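Chemist: Quick one: this structure, given as structure tokens, is what I'll be asking you about.
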Amino acid sequence: MLEKTRQLSFFSFIRHKSIRNFFFLFLIQASNILISLLAMPVLIRAIGVAEFGLVNLAFSVVLLVNVLVSFGYNLSGPRDIALSEGNNTLLGRQFSEILSSKIALAFLAVVSILSMGFFFGFFADYRRILAWSTILLFAEATAIVWFFQGKEQLHWVSLANVFSKAIYLLLLLALIRVPADSYLANFFLGLTALMTNLALLAYVRFGMKVPVYWPKLGQIWHSWKKNVLLFLSGLTAHIAVNGGVIVLSFFASAQILGLYGMAERIGMVLRIVPTLVTQAAYPRASILFYQERQRFYSFLGKVQWASLFFTLLISLTVFALAPIIIRLMAGESLEESVYFLRILAFLPFLAALNIGNMLIILVLDEKKILFHATWLFCVYMLASAFLLTWAFGSSGLALALLSTELVAWISTTLLLHRRKAPILSEFYHGLFYRYHHS
């Protein structure tokens, strides 16, 4: 009887929508990480380190512009869809407004990039690669993870994501063989994602019977105005975390970009770990804050300490195994890449310092604190990246990224102390004195 009760409790747990939601979000991120790691050695061996550096640079530029296309809808969209539950007309209006706003932004972004490249002389060394990479912007515009997240039905998106990434990897293996094929690397990634997104859109329209229409320009403009603060926060955070390769391109050759880019890709994959922890802990933290305040602080303390221990273990492991990792990625021993990776290995540990602060900001819905904090550490990152890269080269950039994580933690702590001092003090007091007694 006891065993039956446990089984019922377990199955009730896994059937919970929030648990399933976070499992499928994790599956999406995990498949992206796995394919990224598998694709890297395939590309490097086919096109060489120098061309890989240019492909990675073009990818970094597109990722930056992708923040404009997403425009914060990945944060606000799930809420808008969830609040439309039960009203199919309102659901269709919200869905169409967000989708149309993102598509309009994608067109503006592509026109801007192509104009800068072909009429004003920007991106000279990798113009062709970047032009073919712009399909990724349309893939971002048509991505509707936010819709299924709001509906708490992420299983289709996660399965579609795994399928598209597998097709992408097969295309790399089959069609990219020489350095001249480098322009196809990002194009295949965008093409497979776009085709999958269009299939999901067809399912939403015809399978789920959600009405879709093109809203008026005034509605799109209003939607942009409503999300501008989330967009600016996302933009600055992205620049601070991912803008390093673009800064390095002003100082380094394609060969150095490739050597650094290899280590940077691995470092950015590791950097996702604290983000996943924050996403996983956020719902539980929200419930505890409003229902059982003391357990909220205990929960945050346990999450913070567990995250620091886990990310430190990851960092030390990557530091020790850096030569083996680089050899697996590149097929040869590259001492400079090993050196860069050993520095960047500590990104997840330093980023994990800020998990508790970020959970407090999210639970309290403090958008202004988030906005001000992201601008502070973005400005620091750009200044330190240019200065340290100029002085020490690629290793200086890696050190700038590490120090930016420390500045992010310090800035959010100071801003929270100004606005929410009692809550912050209670959290840190519990972190060092009380969490283990709960």
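Each residue, glycine too, has its Cβ placed from N, Cα and C.
Relevant sequence annotations retrieved from TrEMBL are reproduced here:
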- 21-47: transmembrane segment (TRANSMEM)
- 53-75: transmembrane segment (TRANSMEM)
- 103-123: transmembrane segment (TRANSMEM)
- 129-148: transmembrane segment (TRANSMEM)
- 160-178: transmembrane segment (TRANSMEM)
- 184-206: transmembrane segment (TRANSMEM)
- 227-252: transmembrane segment (TRANSMEM)
- 272-291: transmembrane segment (TRANSMEM)
- 303-326: transmembrane segment (TRANSMEM)
- 338-362: transmembrane segment (TRANSMEM)
- 369-391: transmembrane segment (TRANSMEM)
- 397-416: transmembrane segment (TRANSMEM)
Chemist: In the same chain, which residue numbers or ranges, 6 or more beyond the ends of the transmembrane segment (103-123), come under 8 angstroms Cβ to Cβ?
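Modeler: Beyond its ends, the transmembrane segment (103-123) has Cβ neighbours at 58, 61, 65, 68-69, 71, 130-131, 134, 137-138, 140-142, 220, 224.
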Chemist: Of the listed stretches 21-47, 53-75, 227-252, 369-391, which one has the most C-beta pairs under 8 A with the transmembrane segment (184-206)?
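Modeler: When the Cβ pairs under 8 Å are tallied, 53-75 comes out ahead.
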Chemist: With Cβ-Cβ distances below 8 Å as the criterion, list the same-chain residues six or more beyond the ends of the transmembrane segment (338-362) that contact it, or say none.
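Modeler: Non-local partners: 259-260, 262-264, 266-268, 270-271, 273-275, 277-278, 281-282, 285-286, 300-301, 303-304, 307-308, 310-312, 314-316, 318-319, 322-323, 325-326, 369-370, 373, 394-395, 398-399, 401-402, 405-406, 408-409, 412-413, 416, 420, 423-424, 427, 431.
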Chemist: Taking the transmembrane segment (227-252) as reference, which of 21-47, 53-75, 160-178 has the most Cβ pairs under 8 angstroms?
Modeler: 53-75
Chemist: Have the transmembrane segment (21-47) and the transmembrane segment (397-416) got at least three CB pairs under 8 Å, pairs 6 or more apart in sequence?
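Modeler: In this chain the transmembrane segment (21-47) does not contact the transmembrane segment (397-416) - fewer than 3 Cβ pairs sit under 8 Å.
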Chemist: Taking a Cβ cut-off under 8 Å, which residues six or more beyond the ends of the transmembrane segment (160-178) line up next to it in the same chain?
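Modeler: For the transmembrane segment (160-178), the list is 27-28, 31-32, 34-35, 38-39, 42-43, 46-47, 184-185, 188-189, 192-193, 195-196, 199-200.
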